[in-house]
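Before any comments, here is the structure.
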Amino acid sequence: MHLYYAHQTHPLSLTSLLTLCGLASSSSTDFPVKMENHTELTNFILLGIPHTEGLETVLFVIFFFIYLFTLVGNSLILVAILSSSRLHTPMYFFLGLLSIFDIFFPSVTSPKMLLYLSGQSQAISYRGCASQLFFYHFLGCTEGVLYSVMAYDRFVAICHPLRYTVIMNPRLCVVLVMGAWLVGCTDAIILTTFTFSLPYCGPNEVGYYFCDIPAVLPLACANSSLAQRVGFTNVGLLALTLFFTILVSYTRIGIAILRIRRRKAFSTCSAHLTAILCAYGPVIIIYLQSTPNPLLGAVVQILNNLVSPMLNSLIYSLRNKEVKRALKNMKCLGYNDSIF
C-alpha cells in the first residue's frame, strides 16, 4: 500500500468549520489552527471493516440495500408529513426533521464505503477525512439532541394535554431545533479542531471504514492524549446528559400513563423509546469502552450509522397510525392497505 505525502500544511481553520454551520461567512477573517510545519499527509487510506477480507461483495449488497431502504423509508415519511395537513403539528415537525437527519447521517459514510467495497479507490483526501468526521458528529449530535426535544414534546402532550398547543408553540419549536443545531455544530467543531490540529506525517492507513476519532488519532505524529481526553469527555458527557434528560421525561410520562391508562400514549412512547435505544446504545458501547475492539466497534458503528436510521423509518411508519394513514392517502404512490 503506497503512502501519499506532500510538503505542505493543512490550514484547517475555525472559520472554515464555522462556515459549514453557517456561523461565519466564507469571507470572514481566517483564524488558522496552530500546526507545526511538518511534511503532512494529503491522503488517508480507509482499510474498511476489520477482519472482513473476501466478503466485500456480500457486504456491498447488504449495505447497499440497507442504505437504499433508509433513504426511501425516511423520504416517504417526510413526504407523508408534508402532504397531510393533519400531521402539521409539533410532534410530526420533529419527526420530519428526524427523517431528514436519518437521510443525511448515513450519507456521510455510506457512499464512500460502498465505493471501496465495489473495488474503487480506498483513498480519501485530508480535507475529505476532516469533513467526514465533522459532519458525522454534527449530524449525530444534533439528532441526539432532537431525541431529547421529542421526549420533551411527548412529556408535554401527555402530562399537560390542555396546555400543549400553548407550550409547544411554533416559536418554541424553532428555538428548540436551533438549539439542537447549535449544540451539534459546537460539538463537531470542538472534536474536529482537536483531532486535526495535530500533525499527520506518518502512516496514513485508517484501520476503519470511515474517519472517526478513535481510528484517526493513532496516526498523529504528536502526543494525542489531550485530543483523546477531550473526545472521550465531550462525547461521553453529552451522550449521558442527553440520555438523562430523556430518562427524566419518560419517567414522568410513564407515571402519567399508569395513572390515566392510555394505551395509545403508551404505544407512541414505546416507539420513541425503541428508536432512542437503537441510537444511544451503539454510542455508549463505542466511546465508553475501556479497551477498544476494532471489529466490535465497526459492527456497533454500522448499527448506529446504517441500521438505526433504517429502523427509525420502520418504527415510525409501522407503529404510527397517522403516518400510515397519510401514506395510504398518497394515491400517486399507489399504496394500499396490504402494504402496511
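The backbone N, Cα and C atoms fix where each Cβ goes, and this holds for glycine too.
Annotation source TrEMBL lists domain 'G-protein coupled receptors family 1 profile' at 73-340.
Annotated signal peptide per TrEMBL: 1-26, in sequence order.
Here the transmembrane segment (58-80) has long-range neighbours at 49, 52, 87, 95-96, 99-100, 102-103, 106-107, 110, 113-114, 117-118, 302, 306-307, 309-310, 312-314, 316-317, 323, 326-327, 330, 333, meaning same-chain residues at least 6 beyond its ends whose C-beta is under 8 angstroms from one of its own. Sequence annotations record features per position, and here TrEMBL assigns transmembrane segment to 58-80 (among others).
Beyond its flanks by at least six residues, the transmembrane segment (92-114) meets 46, 48, 60, 63-64, 67, 70-71, 74-75, 77-78, 81-82, 124, 132, 135-136, 139-140, 142-143, 146-147, 149-150, 153, 173, 177, 209-210, 305-306, 309, 312-313, 316, 322-323 of its own chain at Cβ-Cβ distances under 8 Å. According to TrEMBL, the feature transmembrane segment maps to 92-114 (among others).
Taken from TrEMBL, the feature transmembrane segment applies to 134-152 (among others). Counting residues 6+ beyond its ends, the transmembrane segment (134-152) has Cβ neighbours under 8 Å at 17, 20-21, 91, 94-95, 97-98, 101-102, 104-105, 108-109, 176-177, 179-181, 183-185, 187-189, 191-192, 210-212, 235, 238-239, 242, 245-246, 249-250, 253, 272, 275-276, 279-280, 283, 304-305 in the same chain.
The transmembrane segment feature in TrEMBL is assigned to 172-196 (among others).
Annotation source TrEMBL lists transmembrane segment at 235-258 (among others).
The transmembrane segment feature in TrEMBL is assigned to 270-289 (among others).
Taken from TrEMBL, the feature transmembrane segment covers 295-318 (among others).
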Residues of the parent chain within Cβ reach of the transmembrane segment (295-318), under 8 Å, 6 or more residues beyond its termini: 49-51, 63, 66-67, 69-70, 73-74, 76-77, 95, 98-99, 102-103, 105-106, 108-110, 136, 140, 208-209, 212, 214, 271, 274-275, 278-279, 281-283, 285-286, 289, 324, 327, 340
